[in-house]
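Engineer: Quick paste of what TrEMBL says about this protein:
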- 1-23: region 'Disordered' (REGION)
- 41-65: transmembrane segment (TRANSMEM)
- 77-95: transmembrane segment (TRANSMEM)
- 101-120: transmembrane segment (TRANSMEM)
- 141-159: transmembrane segment (TRANSMEM)
- 165-185: transmembrane segment (TRANSMEM)
- 227-247: transmembrane segment (TRANSMEM)
- 290-309: transmembrane segment (TRANSMEM)
- 368-390: transmembrane segment (TRANSMEM)
- 396-416: transmembrane segment (TRANSMEM)
- 428-445: transmembrane segment (TRANSMEM)
- 465-485: transmembrane segment (TRANSMEM)
Amino acid sequence: MSGGGAPAKAVEPQPHPPKEQLPNISYCITSPPPWLDAAEAILLGFQHYLVMLGTIVIIPSSLVPQMGGGNEEKAKVIQTLLFVAGLNTLLQSLFGSRLPAVIGGSYTFVPTTISIILAGRFSDTSDPVERFKRIMRAIQGSLIVASTLQIVLGFSGLWRNVTRFLSPLSVVPLVSLVGFGLYEFGFPGVAKCVEIGLPQLILVVFVSQYMPHVIKSGKQVFDRFAVIFTVVIVWIYAHLLTVGGAYNGKAQKTQLSCRTDRAGLIDAAPWIRVPYPFQWGAPSFDAGEAFAMMMASFVALVESTGAFIAVSRYASATPMPPSILSRGVGWQGVAILLSGLFGTVNGSSVSVENAGLLALTRVGSRRVVQISAGFMIFFSILGKFGAVFASIPAPIIAALYCLFFAYVGAGGLSFLQFCNLNSFRTKFILGFSVFMGLSVPQYFNEYTAINGYGPVHTGARWFNDIVNVPLSSEAFVAGCLAYFLDNTLHRKDSAIRKDRGKHWWDKFRSFKGDSRSEEFYSLPFNLNKYFPSV
């Protein structure tokens, strides 16, 4: 053929390039909403307050009645837990990791706390309120001792030496199961009152994911404030069902889950009350319970390491240097210490649900989380007003969990972009650790549900908890297994180093070696010269 040229070569489709920081984040750590638009920052902070209320209310509502306390004690414990969460969130964002991480109650400490509640030495007290106080003082003593574990590991720099061997490959199972491992608090909670929980789940997905594309207002209103919009709508709907008599004559369990007037918190909460240390009396100490709580604290430490990494990702920060992770862990130990001193019936860790909210709103501002801490402290002191929001039906909160925990789990999967997924070593470590991280806790939890005690059942309760609690945590099992395999299977090979993403991760190992890390994680008020990174 004349005048013809060679056919154009087909363009090969290119994979998406890896991103060290997430794009399309509206406000990262160092770019908070402007003060001129204070209403936006306040509403975003209030959303974080609403989201963390779920755990704050659910844990005391479950534990306090078992301890012998009534609605008055339950309201005071919720106030105390809320007050301490506000303090710890401020301390963490100012002096700890400096991430927009909310520090609140943790389900990890619940099994050990229940073990203390069931201790036989409290059965000789006939007065339920006195029994409640005795158990509370025992929990306080064990938390105070357990806090030393994270304080020592964090501030001494020992945890830095552990986390410097992390790689993107070992981070994936840890962070993923920090989110996905909480599946039991998602749809099962929605199904406790499906006529309220399911509309909330559908509505929050529609408003946050579809509405911004249907109504293009130029401002990110629907995705940024989807929680407030949908919770108000469904809460009003649930209240109409309640006053309309939809649950009259229903089973007690149904009424507790569905009604908006059954929490008993509003009537029991005082108008104004400032929580204070040792409000339940002087803590008591038991060596076995302290050791068991220390193991729960270590499990929370591993889980919070994954949550810290997820928060840094969704705040569009650089990967956390090991020294900053260690500093954050040290201040989390201080958080557990404050929980023990004030008597919150529960330890503290990074709130996974609030990490998911960062992803939903695409706002990773430190200032927003500090505003939410202000709401926590304010409403913990004004008990009646805080009790109004604490009375939101649990299925509404569980519907939000479905979204937030999924975001955190997906945040862990995003680190696969730095790994070689065509490597059989990568496939084995990833698949085996995730599978065992789901399978082992499933066995332990099923065994406990059927028999009333864990697979390890000896005469020493503290020893049982030391073994059963960590092996019941999906994130702990998967994270530890991935960390061990990744650091023992031929890791010194240069090709394998690149397969596991270590070459990328090590760019951020030195706190002083990266100007962006300095910007994100440096302490305020020139405190670095007095308190250098551990």
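Using the three backbone atoms N, Cα and C, a Cβ is placed for every residue, glycine included.
In terms of burial and nearby residues, how do these features look in this structure?
Structural biologist: Through the fold, the transmembrane segment (41-65) approaches residues 32-33, 35, 73-74, 77-78, 81-82, 85, 102, 104-107, 110, 113-114, 117, 132, 224-225, 227-228, 231, 263, 265, 345-346, 351, 353-354, 357, 361, 363, 365, 367-372, 374-376, 379, 389-390, 392, 394, 397-398, 400-401, 404 of its own chain, all at least 6 residues removed from its boundaries and within a Cβ separation under 8 Å.
Under 8 Å from some Cβ of the transmembrane segment (77-95) lie the Cβ atoms of residues 52-53, 56-57, 59-61, 64, 69, 101-105, 265, 269, 273-275, 279, 328, 331-332, 334-335, 338-339, 342-346, 348, 366, 369-370, 372-377, 379-381, 383, 386-387, 390, 523-524, 527, 531, all in the same chain and six or more residues away from its ends.
Among residues of the same chain six or more beyond the transmembrane segment (165-185), those with a C-beta under 8 A of the stretch's C-beta atoms are 107, 302-303, 305-307, 309-310, 322, 352, 356, 398, 401, 404-413, 415-416, 418-419, 426, 429-430, 433-434, 437-438, 441, 473-475, 478-479, 481-483, 485-487, 499-502, 504-505.
Long-range contacts of the transmembrane segment (290-309) within the same chain, counting only residues at least 6 positions beyond its ends with a Cβ under 8 Å from a Cβ of the stretch, are 97, 99, 101, 106, 108-109, 111-112, 115, 141-143, 145-150, 153, 159, 163, 171, 174-175, 177-178, 319-320, 325, 328-329, 332-333, 336, 347, 349-352, 355, 408, 412, 461-462, 465-466, 469-470, 473, 475-476, 479-480.
Among residues of the same chain six or more beyond the transmembrane segment (368-390), those with a C-beta under 8 A of the stretch's C-beta atoms are 27, 32-33, 41-42, 44-50, 52-53, 56-57, 75, 78-80, 82-83, 85-87, 89-90, 93-94, 100-102, 263, 265-266, 268-275, 354.
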Engineer: Give the one range among 227-247, 396-416, 428-445, 465-485 whose Cβ atoms make the most pairs under 8 Å with those of the transmembrane segment (101-120).
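Structural biologist: That would be 465-485.
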Engineer: Looking only at residues six or more beyond either end of the transmembrane segment (428-445), which have a C-beta under 8 A from one in the stretch?
Structural biologist: 169-170, 172-173, 176-177, 181, 416, 419, 454-455, 468, 471-475, 477-479, 481-482, 485-486, 489
Engineer: Sequence-remote contacts (6 or more beyond its ends) of the transmembrane segment (465-485), Cβ cut-off under 8 Å?
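Structural biologist: Hits for the transmembrane segment (465-485): 108, 111-112, 115, 165-166, 169-170, 172-174, 176-178, 180-181, 291-292, 295-296, 298-299, 302-303, 305-306, 428-430, 432-434, 436-438, 440-441, 444-445, 448, 454-456.
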Engineer: Could you give the residue numbers and ranges of same-chain residues that sit at least 6 residues beyond the transmembrane segment (396-416) on either side and whose C-beta is under 8 angstroms from one of its C-beta atoms?
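Structural biologist: That would be 51, 53-54, 58, 168-169, 171-180, 182-183, 185-190, 192, 196-198, 200-201, 204-205, 208, 227, 231, 234-235, 238, 306-307, 309-310, 313-314, 352-357, 359-360, 430, 501.
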Engineer: Are there residues at least six beyond either end of the transmembrane segment (227-247) with Cβ under 8 Å to its Cβ atoms? List them, or say none.
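Structural biologist: The answer is 43, 46-47, 50-51, 195-196, 199-200, 203-204, 207, 254-255, 258-261, 357, 360, 392-393, 396, 400.
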